[in-house]
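Each remark here refers to the structure printed beneath this line.
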């Protein structure tokens, strides 16, 4: 949700789809997978703690140290260790690939949506994906050097999880529930599935989810500790600065974009806000938004007059 992958993939659905059921299924699968993985990971960590005679907190910390140091060491102690080691790293490879597929798709879709219909090129999406992958490849070369694990953890901790995603998820809820309008969004879902979802969904968008996100975000800030690697190496101050620059590079995009749009708009503050927060419906939305569209069959399809009349009927 925070990275926009589900949003990008969901945009390929037809308008009439059971998005309500899909939301529950995705949440259950996601949480269920994490719940099951918790049993697997902590059983392995408990085994290693018992073998070494130390507390489980001293075995490894969360993050890359767990996946690439502690867990492979535990796998090497199992019977038929080469088999389990091959399966484990094959699983990590598949996990990384499927995460990158949807991550790149979400990023490229967002970039292309900023420039709809401008400078059309037949292979615009393919070229955009190629450029994105090349840039990521160049950046990731630093993570396969001798100190690459330290660079990897810096990116992982500050720019890809934790506070950054909580900040983005909070503002997503605010925009949907309070700027666009939770009731209006409920109406949109009702047009897709044929009935209004349970009011619990609107309460989540409006109050519960934003409060939970901002509470965990503040908890992270209050209990912030300098980044360490494998409970031994403490990052220097300039490493912390680089990490915060990575985090703020995406977190500041939201308030900066709002201020920029408000500054560029015309009129009083109220007029600017009303103009910027008014939904803009595309032509492909009109057949679902206009209840009297079927009465306009006398007009020839695709003409400019037809589009104007349909738009006026929506307004």
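Every residue gets a Cβ built from N, Cα and C, even glycine.
Not measured: the values here are computed from a predicted model.
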**Fill in**
Here TrEMBL annotates transmembrane segment, and of 57-74, 147-164, 165-182 the range meant is 165-182
**Asked** Between 184-202, 203-221, which stretch does TrEMBL give the note transmembrane segment?
**Response** 203-221
**Complete:** Listed stretches 23-49, 127-145, 165-182, 203-221, 241-263 vs the transmembrane segment (83-115), most Cβ pairs under 8 Å: range 127-145
**Prompt:** Mind checking which residues reach the transmembrane segment (241-263)? Cβ under 8 Å, same chain, six or more beyond either end.
**Reply:** 154-155, 157-159, 163-164, 167-168, 171, 227, 235, 269, 272-273, 276
**Message:** Six or more residues beyond either end and a Cβ under 8 Å away: which residues meet both conditions relative to the transmembrane segment (203-221)?
**Reply:** 162-163, 166-167, 169-170, 173-174, 176-178, 182, 185
**Message:** With an 8 Å cut-off on Cβ distance to the 30, 95, 98, 99 Cβ center, who else from the chain surrounds the Na(+) site?
**Reply:** 102
